[in-house]
């Protein structure tokens, strides 16, 4: 399989010694531990392959645990009931917590989070898990477990909230791509913050655009063309905004950072402040599909 390159790969090439402010001291110490000339045992071939496919692969990673839970939820929902082979029935997805706005309006706010563990078919879960692992290990390593967990689930909540507000009637959404777009958002933020000192800007931009286009193409082909655009937008905005706040200690920040940081806080506050009143107070005049219940 051809290796899909991410922002982290190119930044590592640009700054091979990893003396970039985006790598914190804890990350640096792990790097030196893993590459020291001491008595560290050589890695096995399977681990090396996984690290090639998923940079900074680690068994002790929250993104790996989340991905395992994704597969468990998918297997359970398929075993309970299917509409077609390997496609969970819609009523099963609703009972497990799918993003179904009429029920969110009734107070079932957990439906803003649980859809991140549910998927519509085999290719849907495979694709989302692959790309969140492809990006997630590096991001988790850079920011740490707690910050990564906050980024991941906040992006999922913001994405599902914007989706539920925009597509209220006859809308049933599931998938980890809301959180996945949050990971893309923080990588775009990193690229923007370090753009002025990158040596290979054209290559960085080309690979990022190619990566996003490939992801969108696969979504349309493997998920039947049913794309939650607003969910992706919400996750992307959340990830980008959180990235601005996570990198406030970055050295040599662009001159526009104070305004961008203020805008990021504004987005994180304004989106729920606008969406919740619309979601709960505005009568959409649509009927709940009782076949889902």
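Cβ coordinates come from backbone N, Cα and C, glycine included.
According to Swiss-Prot, the feature active site, nucleophile maps to 177. Just so you know, the Cβ of residue 177 (active site, nucleophile) picks up 29 other Cβ atoms within 10 Å once every protein chain is counted.
Under the heading active site, Swiss-Prot lists 232, citing similarity to another entry as support. In sequence order, 159, 177, 178, 181 are the residues near residue 232 (active site), counting only same-chain partners six or more apart with C-beta under 8 A.
Marked as region 'Disordered' by Swiss-Prot: 18-40.
Sequence annotations record features per position, and here Swiss-Prot assigns transmembrane segment to 62-82 (among others).
Sequence annotations record features per position, and here Swiss-Prot assigns transmembrane segment to 112-132 (among others) based on sequence analysis.
Swiss-Prot lists 148-168 (among others) with the feature transmembrane segment, giving sequence analysis as the kind of evidence.
According to Swiss-Prot, the feature transmembrane segment maps to 174-194 (among others), an assignment based on sequence analysis.
Annotation source Swiss-Prot lists transmembrane segment at 217-237 (among others), citing sequence analysis.
The feature transmembrane segment is assigned by Swiss-Prot to 262-282 (among others), with sequence analysis given as support.
Between the transmembrane segment (112-132) and the transmembrane segment (262-282) there are fewer than 3 Cβ pairs closer than 8 Å, counting only residues 6 or more apart in sequence, so the two stretches are not in contact.
With pairs at least 6 apart in sequence, the transmembrane segment (148-168) and the transmembrane segment (262-282) have 3 or more Cβ pairs within the 8 Å limit; the two touch. Residues 62-63, 66, 99, 101-102, 104, 111-113, 115-116, 136, 139-140, 176-179, 181-183, 185-186, 228, 230-239, 242-243, 246, 268, 271-272, 275-276, 278-279, 284, 286 of the same chain lie 6 or more positions beyond the ends of the transmembrane segment (148-168) yet place their CB under 8 Å from a CB of it.
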